Amino acid sequence: MPIPGSGLAKGLAVTLRTMTKRSHTAQYPEVQPELPPRSRGVIGLFEENCTVCMLCARECPDWCIYIDSHKETVPAAAPGGRERSRNVLDRFAIDFSLCMYCGICIEVCPFDALFWSPEFEYAETDIHELTHERDKLREWMWTVPAPPALDPAAEEPKEIAAARKAVEKAEAAAAARAAAEAAPAADAEPGTGPGAPEPGSGTPDTPAGGPA
Ligand code: SF4
Ligand code: SF4
C-alpha cells in the first residue's frame, strides 16, 4: 500500500529536478533550429526529371498535387524513322494547406523529380498562397541537402555505370577519330611519303656521302 503523500513528494521531486536543469527552449526566430537534413519541411520539384507520368498526383492521398500538360510531336531522329510524342509540363503545383507531409509522392516518383527540403518558413496569411506553383517548387530545390556519400564498398549504381560506359565509349570513338585524322597528315610529311628519298641517299640538295 503506498504511503500517503508519496505521490506528492515524487511530483515535487520532479519539479525540483526540472527547476535546476537548463532550459531547452530555443529562441526562434532569433536562433534558427538545427534540423536533421532529412526533415520534411517542403517539397522541391526538379522539373527536368519530370515526365508527367502523373503517378505522384494519383497516389497523393489528399489529391493536393495539380498537374497539367500537353502532348508535343518530336520529329524522327533519322530519315525514315517514326515521329514520337512526348508530354510537356504546363503546370505542377502542390497545395501545402492540404498536404499532410506523408512523402508518398516522393517515394512513388520513378524519375527522382521530387525531393524533401528541410525549409519550413513559408507560412502565409492567405491560404491560397500555400499552393506553390512549379517556379516556387523549383526554388525549393536549392534548399535540398546533398545526398549522403555512397558507402565505398557499395556496388556502383547502374545509372552511374551506364553513364560512365557511355562516356568511355565516346572518348574511345573520339580518340580513334583523332588517330585516323592524324594518319594522312603524317603520310604527307616530307621524308615520310612514298616519294621520299631512301635512307642514306641524302636530301634532294645534298648528294649521298655528304657535301664535297
Ligand atoms: S506529401 Fe503526401 S499529401 Fe503531401 S503532396 Fe505528397 S503525397 Fe500528397
Ligand atoms: S511521379 Fe515524378 S515524374 Fe511522374 S508526374 Fe510526378 S513528379 Fe513527374
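Our numbering is plain: 1 for the first residue shown, then up by one each step along the chain.
Cβ from N, Cα, C; glycine included.
What TrEMBL annotates here:
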BINDING   Cys50, Cys53, Cys56, Cys109  [4Fe-4S] cluster 1 binding site
BINDING   Cys60, Cys99, Cys102, Cys105  [4Fe-4S] cluster 2 binding site
COMPBIAS  173-191  compositional bias 'Low complexity'
DOMAIN    41-70  domain '4Fe-4S ferredoxin-type'
DOMAIN    90-119  domain '4Fe-4S ferredoxin-type'
REGION    173-212  region 'Disordered'
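Mapped onto this structure are the features recorded in TrEMBL.
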residue: Cys50; record: [4Fe-4S] cluster 1 binding site; Cβ within 10 Å: 20
residue: Cys53; record: [4Fe-4S] cluster 1 binding site; Cβ within 10 Å: 15
residue: Cys56; record: [4Fe-4S] cluster 1 binding site; Cβ within 10 Å: 23
residue: Cys60; record: [4Fe-4S] cluster 2 binding site; Cβ within 10 Å: 20
residue: Cys99; record: [4Fe-4S] cluster 2 binding site; Cβ within 10 Å: 20
residue: Cys102; record: [4Fe-4S] cluster 2 binding site; Cβ within 10 Å: 13
residue: Cys105; record: [4Fe-4S] cluster 2 binding site; Cβ within 10 Å: 22
residue: Cys109; record: [4Fe-4S] cluster 1 binding site; Cβ within 10 Å: 20
* To do: From the binding-site residues listed here (Cys50, Cys53, Cys56, Cys60, Cys99, Cys109), select those whose CB sits under 6 A from an atom of ligand 2.
  => Cys50, Cys53, Cys56, Cys109
* How many Å separate the Cα atoms of Cys105 ([4Fe-4S] cluster 2 binding site) and Cys50 ([4Fe-4S] cluster 1 binding site)? -> 12
* To do: Enumerate in sequence order the binding-site residues Cys50, Cys53, Cys60, Cys99, Cys109 whose Cβ-atom distance to ligand 1 is under 6 angstroms.
  => Cys60, Cys99
* Asked: Which residues, same chain and not among Cys50, Cys53, Cys56, Cys109, have a CB within 8 angstroms of the centroid of the CB atoms at the recorded [4Fe-4S] cluster 1 site?
  -> Thr51, Val52, Met54, Leu55, Ala57, Cys105, Val108, Pro110, Phe111, Ala113, Leu114
* **Residues of the parent chain within Cβ reach of the domain '4Fe-4S ferredoxin-type' (90-119), under 8 Å, 6 or more residues beyond its termini** => 35-51, 53, 55-57, 59-70, 127, 130-134, 137, 140-141, 143-145
* To do: List the helix, strand and coil residue totals of the domain '4Fe-4S ferredoxin-type' (41-70) as derived from DSSP.
  => 8 helix, 10 strand, 12 coil
